[in-house]
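According to TrEMBL, the active site annotation covers CYS431. Residues or ranges marked as domain 'MOSC' by TrEMBL: 664-809. For LYS271, the entry in TrEMBL reads N6-(pyridoxal phosphate)lysine.
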Amino acid sequence: MAQKFFDSLEYKSNLENINTEKAAFLKEFELQYGYAGKIDQIREEEYPQLNGAIFLDHSATTTYAKSSLTSFTTDLTNNLYGNPHANSPSSQRCNQRLDQIRDRVLRHFNTNPDYYQVIFTQNATAAIKLVGEIFPWTSGQSSYKYLRESHNSIIGLRRFAEEFNAQSIQAITEDDFFSVFDSDSVRQTKYLPRDNHNNITYNLFAYPAQCNFSGIRFPLTWTCEIKKFNNKNNDSKTLVLLDAAAYISSSLLSLSEVDTSPDFITISFYKMFGYPTGLGALIVKSELEPILRKRYFGGGTLDSIAYDRPWQKFRKSLHERYEDGTINFLDIIALDHAFDASERLFNNFNFIKSHVTSLMIYLSRNMKSLQHYNGRSVCVVYSNNDFSDNTFQGPVFSFNVKRADGSWVGYLELERLASVNGIHIRSGILCNPGSVARWIKLYPENIIDSFASGKTCHDEQDMWDGKPAGAVRISVGAMSTIDDILVWMDFFKKYFVESSPPYSMTQNIKNIDENSTSSDQNLVLEKVTLFPIKSCHGFNISPFTSWPITSQGLLYDREWMLIDAGKGKALSQKILPRMTLIRPVILRDKGLLLVSAPDRDPLYINLDPEGVELSTYSSQVCGDKIQAYIYTSPEISEWFSSFLGLSCRLARHASMTNDCLMQRRFIKPHLDASENAPLSLSNESPFLMISHSSVDHVNKKIKEEGNREVKPDCFRGNFLINGATEFDEDQWKMVRFGGQVFKIIGPCRRCRMVCINHENAEVTKEPYSTLARCRRFKGKIYFGHHMVHVPDLSKIPYVIESGSSVQIEYIN
């Protein structure tokens, strides 16, 4: 299996070392790993969706077993299940099945309906929110405390506490716990009967059994300590909410000791089984029924109601009272099949825990040991725990990366490289600002300041104030294999461990006088290309055809874009690779934009804006707010929407008119432009130059890895030059094409869009993967060069054509 697996991922060259490492691992963890040698068979038969992928994001969701889906669909096609709120035979069958599954959930947690009840919810977050809604807050007296390293969903409960004017709302650290809940410091108060709930103020403490950011596991014994605290404090009681969503994905949680178990437990089933999604649960102590408060009510939760006055009677059982509306009954039935598959494949969660722990020991040991050529550590790890002790550490490895010079590697850089290599990981703040404060030292005041400067949780900025704005998280699950970890390690060492000082783009600057040229290289402008519709296919200008140059680029280059009708943002090939199959052609002599695509009749659009109906629209391109003109024709919108499978609108850049000067975009500040040259819809500059020889050099390295060559088109340059030596353009200062002079203002930063084949929209790992090894500097991948036109040194008329001779001036 390993040979086939690594062949499919193009790791053939290092297969011998990988197999040696695997053999050593299997010998060391023979008793812990692989379910008595069954893991390879389980992966092959039950998880075909993992073929060709390295999935290391099980904390976000694990993946589903094939047999659970097939048995579920067989169940549905052989049995009729009606709405559980009705009394028909199909509804009665459904209710009976749901009751059985509720009991099964409780059995999994070693308890029964006498002590706990299951309330199904949409997910763990909905279960947490439900606690806030039904909790017996006492206005002005209740308090809410939560662990600093809690998920945003736990922090969000403070809004309920605020609504009830809570006496205190406090985020506490692990070290704070025993001082906050010190039973010895509580003054014994007068005893009140157990059923005298009206005289008790209820407080809430919430914490995760396992931190979703770091995998650190917090003591399950805390509930017992709080019960001791409560026993000495009869006029107020603290109830405990345990967020168990991350913990139960690989470990058993026992609620058998009722007196010392949490009052509320929130869970998510897709984190346990991968499917069903959209299904979680609140497991709540049955004894809390008298004190919980229902506010809103929906269908199925009432025994009786008067429509015209505030009178209604709720149903008796907790789940009937708090499951508003029709629950997701078919997915609850799917849950039964997920339990079946898990028990059949893995026996029980103790075997899963043993399996994932063996992988984490190997992963953490190897990641922590990595060093650069100068002896500096590669990884900064966000857990001080021993990864072999699964009492304190879950199957999560959270970290950031440092270069040999001590600078940080952005987590997005790592995630993007992993993605093009078929590796699925998670990065960012991970919805856990408390962990970011603890480990990265980005405190609330830093977060507030960064937001004021435009930083948000979901943007492309992975550094703030010289620190990472989040982390990289690797997590394993029941069906993870040592092969997954070995491929990850091979990838990580290849791209992020420096075995020698890094190459500099300035190392090979030639010793040439400032005014020297390279006319002896016989350089020629091989091709001129424009991209009329942003992110769609390029339009090559016919050889020896003159094309006008404007202040914003080639005439009609990136003049149009497609806008997501729902979000208002420009569409991109990065999200919709199919866009490259849309081919725009400028018919200047006819005054038309011709657009074609496979299996579509051609679309003709008037180039003259006066000849079409347009409406103004505010949109965003690369973070810039711009003014655009939307084509209002339903036929045009339908043409693009039906082809892309997404509701979208064709828009034209407002720079075609003179009434939107305030909405202009300019060359990005990181480029060396002497003045703010305007942009159309290009990402960073008006012109992009590519060298054919440099493309050939990259292709040579791609072939060495056994991968398929790429065409120059994938780099989406306006000008393709032939005849130079590879990467000689790194040292160029000025370029003359015929009578037109251009100034080079900086290298082009590359993203994964270069991996899209422009002829068939296929997405591969190249050339991004190879560029990351040979053209990456300080976290940025460069290929090609941005330019601006220099009218003062150019001949009138300002036109350019392929076939022109090329002269260059080198950097001094």
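Positions of Cβ are set from backbone N, Cα and C atoms, glycine also.
Fair warning: this is a prediction, and the values are worked out from it, not measured in the lab.
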Cβ contacts of CYS431 (active site) (under 8 Å, same chain, 6 or more positions away): HIS151, ASN152, SER153, ASN212, CYS457
Close in space, distant in sequence - LYS271 (N6-(pyridoxal phosphate)lysine), Cβ under 8 Å, 6 or more apart: SER59, THR61, THR62, ALA124, ALA245, ALA246, ILE248, SER249
DSSP state at the residue listed as 'active site', helix/strand/coil: coil
Mean of pLDDT values spanning the domain 'MOSC' (664-809): 90
Within the domain 'MOSC' (664-809), residues counted as helix, strand or coil by DSSP: 35 helix, 50 strand, 61 coil
